[in-house]
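Here's the structure, in structure tokens; my notes come after.
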Amino acid sequence: MTNGKVRIYELSKELNLDNKELLAICDQLSIAVKSHSSTISESEAENIRTAAEKLAATNVSAKKELGTTSHKPNSPPNGGRNRPAAPHKQQILEIRKPKILRNTTSNAPEASVANNTQAALSEANPPSPPRPFATPASPMKPAAPTRPVPRTQSETQEQPPVTDLEQTPNPSQAPEKVASQKPEKVVPPRPKSEKPQKPQLVAPPARPAAEVAQAEVAQVSDEPVSQADKPILKRDQRLRPVEGDREQIKPRVAKLPTDQSPQSAPQRQARPTPAPTRPEQRGNRPSAPSQLGEGQRPRPARPGESVAAAMPIATPPRQMSGIAGKSQGLGDEPVTPDLLDLKRPSPPRPTKGGKKWVEEEIIDEVKEKAKAGVKGKRIKPILDDEFEEDLLDDDDIDSPATVQVSLSIARPPKPKATRPVQMPGASLASAPTARGSRKPGSKSGSNRDHHNNRRQQEADTKRDRPEKVTITGPLTVQELSDVLAVPDTEIVKILFLKGMAVSITQNLDIPTITLVGKELEIEVETVEREAEARKITEMVGAEDQEYLHRRPPVVTIMGHVDHGKTTLLDSIRKTKVAAGEAGGITQHIGAYHVDVVHEGKPQQIVFLDTPGHEAFTAMRARGARVTDIAVLVVAADDGVRPQTIEAISHAQAAGVPIVVAINKIDKEGAQPERVKQELTQYGLTAEDWGGETIMVPVSAIRGENLDTLLEMILLVAEVGELSANPDRTAKGTVIEAHLDKAKGAVATLLIQNGTLHVGDILVAGSAFGKVRAMVDDRGKRVDIASPSFAVEVLGLSDVPAAGDEFEVFQNEKEARSLASDRADRQRLSRLLQGRVTLTTLSAQAQEGELKELNLILKGDVQGSVEAIVGALKQIPQNEVQIRMLLATAGEITETDIDLAAASNAVIIGFNTTFASGARQAADEAGVDVREYNVIYKLLEDIQDALEGLLEPELVEEPLGQTEVRAVFPVGRGAVAGCYVQSGKLVRNCKVRVRRGGKVIYEGVLDSLKRMKEDAREVNAGYECGVGMDKFNDWVEGDIIESYQMVTKRRTLTLTR
């Protein structure tokens, strides 16, 4: 304390109080303080000390009265709060004096469960009025069981003795009240439950002795136990003998129309009434036991249940009204004759005699005779299921229908000619055929045959449909229909119902395919697609092990586009291949030989140069599959790019060692260390960084470090111990293939094992041929091609596919048969892919005119055609589709022109030429022929053509914004005096009037004037008058937004 000032926290220590309590005392004394560190004067501190002492004294006295323990810090505030609590105690004491708890003794155990005595006594206040026994008891009773719901059964069992204690004032009402108060839902049906109680006692004696005992138990616990469980148990026990004793039911049903006395009715009406009563009992289970606790109505419920199900099935629609009336009044007597009418039309079903070929008059007589035995044969319709809608109109067809079942069993071995039009119906009728087969066979044999055929077709489709399919990736709707053996329209329908509108040629992803399979109950298993670069067959077999010799390594140069792969190969070969490539990019696989002197010995390396463009993925994978070593070229100034990553994955999938050539180190922005860092993310760590990957910085243009690169390649080849058997017939892979107008089919073959000679008979894929000539990479003719050499082969009958494996055969007949078998398989698969079915045509007709672009693609080599077709598949084809009529290697011929003219197609030529007379034929037929030598340009033009087929979309283009500053009444309407804030206002443009941020009108600007003269448009910064025919409710401050609708060409985005 200094200068007569005291801090709050010092005072709290002195008084042994909390800061909060001291601040509360300051508030009571109106002493202005902000926090515990505030200072007060000595006089104010003295006042606080006095108040604190008084507060402590009152606190002690309050503790003595209450006898409760509390913490010292909280005592002052609690003491203040306990003062108003005293009157509460007095009220509680006053409540105890009258002791009105006699009627509420049942509540006492529940109330005593509460922990706090004060709360329990306060809860006892409401039961004081329960003497009237009406209003307070009902809120009080349900409140207790709502907490422990499962205890309701035990509580109801404990309650009867309680009610016995309370029965002195009202012996008859007390048990009903206790029972009704527990479940509130039972209260409304009380009047109904009282009526059947009288017949209750009459019915059980008519039943077996076991039922009498159960009925007595039911009577004892009938009124207090109003739950849904016990009456249901009684009902089940009584139902069992009733089901077994069906003969007893039948005569009672017959008595019903005659005996309709109100007292005996409840017991006998139970037979016909189950149809309406059953739904009501099931609908509100809690109330049903109170009504039917006696066991009278539920007793025939089980047999009646099936009768109820059969009644609407076997009767015409008019009987539905009878059922509706029945459901409205449960015990109404006039409804029972309706039920008899309901039963009468159905007996023809049991009258099964051999009368199906008799005329209608005789059938009517049979029906009349059958009416006498309606009740006896009422059980037969139980066989019918709940398919009411299938059999609602089966009045006259019943007797032939039963014989139809036997015919359907006999006929399937003799199917009639199938009708394709009925196929969709077969799939739709899959579920009801077995049950609904009685309905179609009405009067003519043709109907029966039709349905037999339908069932036969359905059985065939079910047999063909697989239970489990395996997919490796996305499929088109058409491909998926082949895999699942269902019509493609069925798949489109399933997806449409799921909210996805798809076309026949649209690609479906794996989750969507799984969804379709789930709907069709076909298990779809997804298997990871095998890497294209994986080596499928081992060229060197066990029989070659004794004759192996060292062979040159096959090295594939891979990497991103424009990273210098071909330039690097040029520098090694001392040639200019890159200059000859169109657009400066490689679009083929090139195979080249390089002679290298290593350790004083001449050695050879075979290089395969692969394209880096993304469209040539298959080519890169093919290169990795046949290679021994992969040289990954990465530009030092560009780093790792998408195709670099893809090349790494191809090489790793093929299991070949990777040598990294970091190119363009002579450029200014070169960062070889950054390239090494990026490559470590893909498992390639440089040797100088402690890894195993050889990385050589090179400059292709200057020729730096090329010798080091070649030396490293030969070292890796030595470690791999590459060998082959040169003394056997040749085996290998087709690197590239094309059709030459002078030479015919030409294929570049890489021999991986054995030796190829001129005159050998070989099969490459589906192409058969005899080697007429071989040319090496420098254009020289050779007679022998040893392992690891790449040569161009002439003499094949057809152009093989790039990536096919070839093999030399000694027997020409064997080779021809193998080639023809493969050709047949390819032709069949091609037909399946390109087929146009009636279902697809009908689907296209439903969608409207389907826009499609017909293309004929001719390329120089098979690999380029494959790459272009793969790239075109990436273009989305939801609204516009590409229809590839022909895609092959070779020059453009007159046959291609004729096909294009007939199908209105565009011919795309890629690095190819015209055959003689083809160009003139194209001009005469008006066929559009486009020639390309760079794949970029080809893909761009095709995408532009597809976008041109799309309907242009209307886009809103804003023109300006105008503010209304004055309103002038003119005649009946009004004119807005406006100021153009931005843009411009154009007459007859579309406008939107906003007021307070909300659009109040949209329309057309009819009148625009400036200085009392009509104006075509008014620019920003000028004033004008605006008038509209349909809008005159102008207010100053309104904003007019002007805009116009313009057509915009739609674009397609390439899917990845």
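Here the Cβ of each residue, glycine as well, is placed from N, Cα and C on the backbone.
The shown structure was predicted, so the numbers you read here are calculated from the model rather than taken from an experiment.
Within the listed segments 41-44, 549-552, 609-612, 981-984, Swiss-Prot records region 'G3' for the stretch 609-612. Check Swiss-Prot against the ranges 559-566, 599-606 and you find region 'G1' recorded for 559-566. For the recorded site, Gly559 (GTP binding site), the DSSP three-state label reads strand. Cβ atoms under 8 Å from those of the region 'G4' (663-666) belong to residues 563-564, 568, 633-638, 672, 697-702, 704 of the same chain, restricted to positions at least 6 beyond its ends.
Per DSSP, the region 'G4' (663-666) is made up of 0 helix, 1 strand, 3 coil. Less than 8 angstroms from the CB of Ile665 (GTP binding site) sit Ala636, Pro672, Pro697, Val698, Ser699, Glu704, each of them six or more residues away in the same chain. This prediction places the mean pLDDT of the region 'G1' (559-566) at 76. Once Cβ contacts within 10 Å are tallied over all protein chains shown, the binding-site residues Gly559, Asp562 are led by Gly559.
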